[in-house]
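Lifted from Swiss-Prot, the feature list:
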ACT_SITE  Cys429  active site, cysteine radical intermediate
BINDING   Lys5, Arg6, Glu11, Asn12, Val13, Met14, Phe15, Asp16, Lys17, Thr53, Asp57, Lys88  ATP binding site
BINDING   Ser202, Ser217, Asn427, Glu431, Thr603, Ala604, Ser605, Thr606  GDP binding site
DOMAIN    1-92  domain 'ATP-cone'
Amino acid sequence: MFVIKRNGYKENVMFDKITSRIRKLCYGLNTDHIDPIKIAMKVIQGIYNGVTTVELDTLTAEIAATCTTQHPDYAILAARIAVSNLHKETKKLFSEVMKDLFNYVNPKNGKHSPIISSITMDVVNKYKDKLNSVIIYERDFSYNYFGFKTLEKSYLLKINNKIVERPQHMLMRVAVGIHQWDIDSAIETYNLLSEKWFTHASPTLFNAGTSRHQMSSCFLLNMMDDSIEGIYDTLKRCALISKMAGGIGLSISNIRASGSYISGTNGASNGIIPMLRVYNNTARYIDQGGNKRPGVMTIYLEPWHSDIMAFLDLKKNTGNEEHRTRDLFIALWIPDLFMKRVKDDGEWSLMCPDECPGLDNVWGDEFERLYTLYEREKRYKSIIKARVVWKAIIESQIETGTPFILYKDACNKKSNQQNLGTIKCSNLCTEIIQYADANEVAVCNLASIALNMFVIDGQFDFLKLKDVVKVIVRNLNKIIDINYYPIPEAEISNKRHRPIGIGVQGLADAFILLNYPFDSLEAQDLNKKIFETIYYGALEASCELAEKEGPYDTYVGSYASNGILQYDLWNVVPSDLWNWEPLKDKIRTYGLRNSLLVAPMPTASTAQILGNNESVEPYTSNIYTRRVLSGEFQVVNPHLLRVLTERKLWNDEIKNRIMVDGGSIQNTNLPEDIKRVYKTIWEIPQKTIIKMAADRGAFIDQSQSMNIHIADPSYSKLTSMHFYGWSLGLKTGMYYLRTKPASAPIQFTLDKDKIKPLVVCDSEICTSCSG
């Protein structure tokens, strides 16, 4: 049997050569548990005559990855094999790769079509020796298999569908793309990115340094006008943003309801549903453009709008397709008055914004005055019990996981952009709270901090966290100035108000590394101190930028300009971790360069790249399934697998019991200290999750994407959760509702004979990668 090498030559397949290649990549791994010979034997069984070395490496990596239930180091080995394969297929020098990307010629028309920008190329040409010398390619080998495969699939740049970038090339491209001629800052950013202290958001990783450097994640729009012109002009804005893979939040509360009079045609309006079908089809059309991450929209509506009941049905699984929008997400922008009426079992008046104008433009007491005025004047379309609307909201959430819930009054009352006007919606993922109007489209650039990295020698390093936050602020602030904006209204807004969004990933990993149960008092205290540090560091960096460059244009009149910070708006006194009064004095003197700073977002893709748990979430399971070309296999929480392996508690019976129990270890005979630390989200009281969100909320000047997890949701459970979050002053009451299926799928992958009453075995576990 022969293999075809990269140079086209044939060579006999040699078992020893395969084993040797695997063994070379096992440096630093736990050799008590990693068995290169077993992997090589499985590879030999899976190859065919004429297999290429690239295919051989791919198969070897996948086989190693399937062994991750034996030991987490197998995931690192799998990644090393895949990375080694990529290194053999790509050029080493960063400058050479950038030159190839810049010199790209479209094969269909023969035209020069540079993939990276001319300024990026100019910077690389001037500093190529320095940039080439500081790149450390060994850091590519630190990714786990799934992180690396995520990079391969969507992030590393390609020429004619062939990957030409290595992960380190991508990170240096991002750093140079942001900092351009400031080469020292570029190298500082590169090192922090490649050491995994933080990551920029996906659009920045995709596009920094390229010819279309659209690096922003979030765009917030209001419907420009309740007219054909306004609706379709807004649709065009959405299409142009979606084309550049931006996520959209759109407020439609000013669009007249169904049955309302249209003076121009002497007819009646069809309401928001047919209009949203048009938006839905636009989202589907843009989706066909081959974007790495197609743009999607969340539609925001206030619950007084008389089309509210039809709106709540938009994503349901049954009903007339003409009344469904499967490709849009829906969210409610809820005033406090509605929550009070639900609580008091009061009546709720449904209104048309054409006949009851201005409700979307006011909040708090002013909203209540205007709304009750319209009620007294009997301008409403209909009156129903507030709890009828509430029940429809809960039913929709139980069936579809949506609508998302945000509290209009908290969002406006606690915003440092309150001086700009009424904020009418959030973004796609409910963590961005920014002002927009007909002439301005709000934008936000994001990055997330890998909190697990700051657990050093059993302690959390707050000083290092503050230092990294300050680098992120400077980076995101630069992106505002150099970004490619899909529409001019976005550029106007972003350069006037200069908001940024700093989030986190790996909070659960940090707790585990410190041996803190997620719901422990120690974890709750650390949660507060982490976000206090992030907010402090972000303010300090933004103030230092303002000292050099001046405050943002609309700073005067903001809360911060009057010495009021986010925690003041929550009536919270910070800990003594940082000295806040001198910082407040400095802000009074120099101002801030950025209107908003902190916004914990979902981090699904980037957390997978870095091998961390998502955002501020606990682990949802301790075991889950991954699919690769060669089939499906199980992956175990690497922290749990490592501790069980070290304590000689890991075996097939444990693995099978965890799988039978849907990723839980609570029904095992494992030690109690392990059970406490490795509770899943389903085993942690949701009120604790909500309380921790409120605790950190005092240091989050935008908002946070907070999911609610209830295995078997009911009207009473969900109502209790929502009212608890509202009473604590949360801005985002709920992103998704996550539930468990009514019945678990049959566990075909398990050997039923092996599922016995669990007894922890203290004997040596098998160290080979057995099938």
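Note: Cβ is positioned from N, Cα and C throughout, glycine not excepted.
Overlay of Swiss-Prot feature records on the structure.
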residue : record                                     : contacts (Cβ under 8 Å, 6+ apart)
Lys5    : ATP binding site                           : Glu11, Thr52, Thr53
Phe15   : ATP binding site                           : Ala40, Met41, Ile44
Asp57   : ATP binding site                           : Ile81, Ala82, Ser84, Asn85
Ser217  : GDP binding site                           : Ala201, Ser202, Pro203, Thr204, Gly246, Gly247, Cys444, Asn445, Leu446, Gly501, Met601
Cys429  : active site, cysteine radical intermediate : Cys218, Gly247, Thr298, Met601, Pro602, Ser705, Tyr735
Thr603  : GDP binding site                           : Ser448, Gly503, Val504, Gln505, Asn612, Glu614, Ser615
Thr606  : GDP binding site                           : Thr199, Ala201, Ser202, Leu205, Ser448, Gln505
* Asked: In Å, how long is the longest CA to CA span across Ser202, Ser217, Asn427, Glu431, Thr603, Ala604, Ser605, Thr606, which the record gives as the GDP binders?
  -> 19
* **For the binding-site residues Ser202, Ser605, the one whose C-beta sees the most other C-beta atoms within 10 angstroms** => Ser202
* **Least Cβ-crowded entry, counting other Cβ within 10 Å, from the binding-site residues listed as Glu11, Glu431** => Glu11
* Asked: If H, G and I count as helix, E and B as strand, and all else as coil, what does DSSP give for Glu11 (ATP binding site)?
  -> strand
* Asked: Within 10 Å of the Cβ of Lys17 (ATP binding site), how many other Cβ atoms can be counted across all chains shown?
  -> 13
* Asked: Nearest to Val13 (ATP binding site) by Cα, among Asn427, Glu431, Ala604, Ser605 (binding-site residues)?
  -> Ser605
* Ala604 (GDP binding site): tally of other CB atoms within 10 A of its CB -> 13
* Structure fact -> Cβ atoms other than its own within 10 Å of the Cβ of Val13 (ATP binding site), all chains, total 15
* Structure fact -> In chain order, residues whose C-beta lies under 8 angstroms from the C-beta of Asn427 (GDP binding site), counting only those at least six residues away in the same chain, are Cys218, Phe219, Leu220, Gly247, Ile248, Gly249, Thr298, Gln434, Cys444
* Asked: What's the CA to CA span in angstrom from Lys17 (ATP binding site) over to Glu431 (GDP binding site)?
  -> 52
* Secondary structure content of the domain 'ATP-cone' (1-92), with strand meaning DSSP E or B -> 51 helix, 8 strand, 33 coil
* Among Lys5, Arg6, Glu11, Asn12, Val13, Met14, Phe15, Asp16, Lys17, Thr53, Asp57, Lys88, the annotated ATP contacts, find the widest CA pair distance and round it to a whole Å. => 20
